[in-house]
Every structure is written in structure tokens, then in C-alpha cells.
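Worksheet: the structure to be examined is printed underneath.
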């Protein structure tokens, strides 16, 4: 069992949770993820690490309640325990030797972008951070990013925080002004990552994107997390989740994402109308089909 030490609602649907997992905390690196189960009936939930404290033996995750399982997870309290937490899984982000970087996060992806930005800052890298949200009420981790960014730009779709537009607007402005990053890291909605990669490609800037498709086992056996990179399909859980943004077929990734969206929505509707346990059992049956 893995005790939950802290639970904090960051906004209406996003939750921060600190889990006691000493073995994982000693090994996990930015970009890697864990796979957890709430109980014996629960489905496996892949969640990328937001922070870790090896000395305290803790791993922090930030997640959004989008389906039955994450809704149930968000309802858990400090003092309760998770049945399983497996990790670290996936490959760490390639950050060694980077001197100048731009870290870009969109929506919940900002939670995953934070450990990359912090690691780079702590290792002497000059870091520009651009994050985007739909509106000011959904902004998370602004103070955390401000502490590790040499320059922070926060965008909102509706301009409710003063900066209206998408993340590629300030990125394009920086590139046109002559900024030449060693690497650009983009984490967020697939469509956002696609346009970040399109913006950096003419400048030949190495660009990593974090692909987080549906995962069932986290070991590559299920095949659900396939990502087309160049001329081949790779598995986000074992080959990623970071890939060369100039090689990823984002249109294929978006088509695959649509395949699962209706099921996830139905699972949420069941959970809201009845209880999460019933929805999770339905999800488990679907997983076994």
C-alpha cells in the first residue's frame, strides 16, 4: 500500500497529490511516469511525475478528473492509501548539456513541464517558460514556474490574465527576435505540440514533445500507446513519452485520440450519474475486450 500524504485542489478539476513511494522517489527523473491503481477493481492510471523528494520518499502528481478512475482518485483524502504504484516508467527527458532552453506547457501539460524547467534551472541552464490556459481560473503553478524561469510568459485563450493568445505567439516572437535555443520542450494538447514543432522546424531547433496517449499496462504489451514517429510506430510507455517533434505524426495521434474520447466521456457520465465504482468496473470490462 502507498499512503497519500497530501491532497490539494488546484482548481475545479485539477488535483495535486503527494504519495509516499520511497523506492520510486529515489529513481524517478523528469519526464518519467508512474502507473497506479486505487484498489483491486481499479484500472491502471498512468500519471507523469510533477515533483519528487528522495529524502522524504515522496512523489507528487497533478491530474485532472476526466474519467471515472481519476474522479475517484480526486475524491481520496490524505491518510488513505493506493493499492499499487509502479515506476519509474518511460525514458527520462534528455536534458544533459543543455545551456539555453524554452519549456512550453499547455493546460495540464504545465504540471509535467515544471520538473523539466526546474531541473534545467537547477543545473545552470537559462530557461524561458511559456504556459497557456483557457482562462485565468485554470492557471496553475505560476509561482513555481516564476521561481525557476529566467523569463515567464503566461497566456490565456480569452485574455483574462492580460495576455491573450496561444503559446506559439510568444514563441514565434522570440524566434523572430533571434533567440536560438539548444532545445524546446513542449507538453500539452497534441494540437499545441504540433504547432510548436512547426514553429521551431524552420530554425532547426531540437524539439521534444511529450506524447501521453492511452496506456493500459505501461510496458508496451497492450499497444494502445503507439505513436507514429517518422516511418515507424513506437510505444510512448517504453520508447517515450518524449519524441522528436519534427518526426511525430500528430494528425495520426489526434485520430487515435478520438477513438477513445467517447468511451472516456461515457465513463465520466456513468460516474457522475451513479458511482465511480460501477464506472470503473465498466472500464475494466472494456479493457479486457
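Just so you know, glycine gets a Cβ as well, placed from its N, Cα and C.
TrEMBL annotations: computationally assigned, not manually curated.
Copied over from TrEMBL, here are the features:
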type	residues	note
BINDING	62, 63, 64	FAD binding site
BINDING	222, 225, 237	[2Fe-2S] cluster binding site
DOMAIN	1-95	domain 'FAD-binding FR-type'
The correct DSSP tally for the domain 'FAD-binding FR-type' (1-95) reads 13 helix, 46 strand, 36 coil
C-alpha of residue 225 ([2Fe-2S] cluster binding site) to C-alpha of residue 63 (FAD binding site): distance in Å? 19
One finds that other Cβ atoms within 10 Å of the Cβ of residue 237 ([2Fe-2S] cluster binding site) number exactly 28
Cβ within 8 Å of the mean position of the Cβ atoms of 62, 63, 64: remaining residues of the chain near FAD: 14, 15, 16, 47, 61, 65, 70, 108, 111
Using the alpha carbons only, what distance in Å do you get between residue 64 (FAD binding site) and residue 237 ([2Fe-2S] cluster binding site) once rounded? 20
What's the most sparsely packed of the binding-site residues 62, 63, 64, 225, counting other C-beta atoms within 10 A? 64
Given the model, what does the mean pLDDT over the domain 'FAD-binding FR-type' (1-95) come out as? 94
At the level of the C-alpha atoms, what whole-angstrom distance separates residue 237 ([2Fe-2S] cluster binding site) and residue 63 (FAD binding site)? 18
